[in-house]
Amino acid sequence: MSQAQNQEPQTELGRFETHYANWYEESVRDPNRFWGRHGKRIHWFEPYSIVNNASFEGNVSIRWFEDGTTNVSYNCLDRHLQENGDRTAIIWEGDDPSESRKISYRALHEEVCRFANALRDRGVKKGDTVTIYMPMIPEAAVAMLACARVGAVHSVVFGGFSPEALAGRMVDCDSSVLVTASESLRGGRRIPLKQSADKAIQIAVHQGLTVSTVFVVGERDHVPSFVEGRDVLYREAVETASPECAAEHMNAEDPFFILYTSGSTGKPKGVLHTTGGYLVYASMTHEVVFDYRPNEVYWCTADVGWVTGHSYLVYGPLANAATTLMFEGVPTYPNAGRMWEIVEKHRVNLLYTAPTALRTLMGAGDDYVTRSDRSSLRVLGTVGEPINPEVWEWYSRVVGDNRCPVVDTWWQTETGGHMIAPIAGVTPLKPGSATLPFFGVVPVIVDQEGNVLTGVAEGNLCIAQSWPGQMRTLYNDHARFIQTYFSTYQGKYFTGDGCRRDADGYYWITGRVDDVLNVSGHRMGTAEVESALVSHPSVAEAAVVGYPHDIKGQGIYCYVTLMGGVSFDDELQKSLIAHVRSEIGPIATPDHIQFAPGLPKTRSGKIMRRILRKIAENDLSSLGDTSTLADPTVVDDLVANRLASK
Ligand code: WT7
């Protein structure tokens, strides 16, 4: 698999079995040699001579393959045409079970070239930012690949985000071009994306952004408030553009994409990934962790708006010439058997999904699963949040008929690809553990003071050494990048997760140790929900914490203090919920809002979230020491209100 420009990487299980330990040892001892070899799995216009040049100290600088030039679109398309042009690149399955479409590599290449020319026609050039706000339709992947082709930096914003959230992201990266669709169809419901996009543009323009072009996928009659001059029908642009478009030669370290994600404080951060290292890492992990083999059908259920959709729906699979399935709908429509019907219909071999979906489907009963033919399945993957061992067992036994390895993959938007994950069929598994680090990844567990713990240990998870898929900076904010990831534990990348290592050296992720929530696998800052709440005219102050939720993993629990004269009732509660949904999006819908006459604060004014978490969890017996609070009696009120509300 290290052969230069290998189109169809061959994974041979036996080889890994004997070599994992050797490979891993070499990968961390001599990253230049290891990645020097594996960097060649993609095509380089100009080969690299320098492999790794990274420092986690001082100004933090991370560079991989820095003197090589390549292009992601070329690697995902052109490179496959000769041998695999007729192979299906994308299988699209619509919300309506009777709708699906197959697009060959040749057809996808042509469409991407045409749309890349359409982007160029509207003035988009190397280094420009383009925002993509799309449903789960092939045109989303086309837009991403077309940006890659011309060297534009894309920022995909999840289609479920509100106009406010979209506007903030467009303004932050100064994006004057937007690609969207008239609507999305999910669970039989129409979601008016273009309408939200129009609202977002209004807000963004008000904040000083110039929006020159909006490409809209959809029929002219279905596009509401079409703005002549600004709005362009995607179909017309593609049809009139030339099908030939040379791929821009990009330096390995040229910015590739921005993806906004939530942190523990402030507004979402623009995680920046660059070109060469990202693609090497996404494609290699896709092949190795899932043991992807040529001609297999691979299905990742993540939305393109999240990093999983970038690395394991689009770029990793397409770089490996895989057939990738994209599903616009939801797992429970028309019924809870939909996912398994899709597996049967398209003979899916590898499935990658989230624990939250599995928990929902497990609750619906085994019959929904067993009535479909799942004999095509070979590997099952999971991502996004800790998977409970019971759910893991169910996935393995009921979905996989005890024949398919379950690979629990731990990683983050920031890491670009899998970090701690088994190699399917090779690594011995333990339900609930993401098992062992991928090649080149050096996990370290530290205590609160930053001491590195060895052997069996529990603490905070850091990564000691750079890997090619690592984010390079926060867009336009390198200082925040250093502050967020490299200052808590000097010289180490801090993940924000807690972690335990067992006697076999296996890693068990215990969840976030910062103020980041994970709701149905969606990452959210408590600070974002709080700032949405306090922007409501009736709210004086808000504190948000997570609490265990059977389906979502974590639920959103909000404490609000109100403006003088406002009383807390059902109507206000509804209005607060609607307000948060419109500020952020439905994924941030509060599960519980509790009225708080006061919030528990230290004398220096810091909110003691530990106490709020305990109350949210209904664990009232162990509130701990409250004597350092400025006013300990507020806790009694909170407990009384908690009891009153449940
Ligand atoms: C956070 C990153 C990675 C793509 C999807 C989420 C949690 C992710 C696992 C896992 C336990 C996991 C962590 C991480 N997480 N995968 N297999 N087991 N926790 O990306 O939105 O950047 O969120 O998701 O807490 O820090 P993200």
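Even glycines carry a Cβ here, placed using N, Cα and C.
For the ATP site, TrEMBL records G384, E385, P386, D408, T409, W410, W411, Q412, T413, R512, R523, and the single candidate of D373, D497, D502 listed with them is D497. Put simply, S520 is the one of the binding-site residues R186, G188, S520, V534, H536 whose Cα lies nearest to the Cα of P386 (ATP binding site). Rounded to the nearest whole angstrom, the C-alpha distance between H536 (Mg(2+) binding site) and G384 (ATP binding site) is 31.
Cα of G384 (ATP binding site) to Cα of S520 (CoA binding site): a distance of 8 Å.
For T409 (ATP binding site), the count of additional Cβ atoms within 10 Å of its Cβ stands at 23 [all protein chains shown]. Residues R186, G187, G188, R189, T308, S520, R581, recorded as binding CoA, reach a greatest CA to CA spacing of 25 Å. Taking the mean position of the Cβ atoms of V534, H536, V539 as the Mg(2+) site, the remaining same-chain residues with a Cβ inside 8 Å of that point are A532, L533, S535, P537, S538, A540, E541, A542, V560, L576, H579. Residues of the domain 'Acetyl-coenzyme A synthetase N-terminal' (20-76) grouped by DSSP class, helix first, strand second and coil last, total 26 helix, 11 strand, 20 coil.
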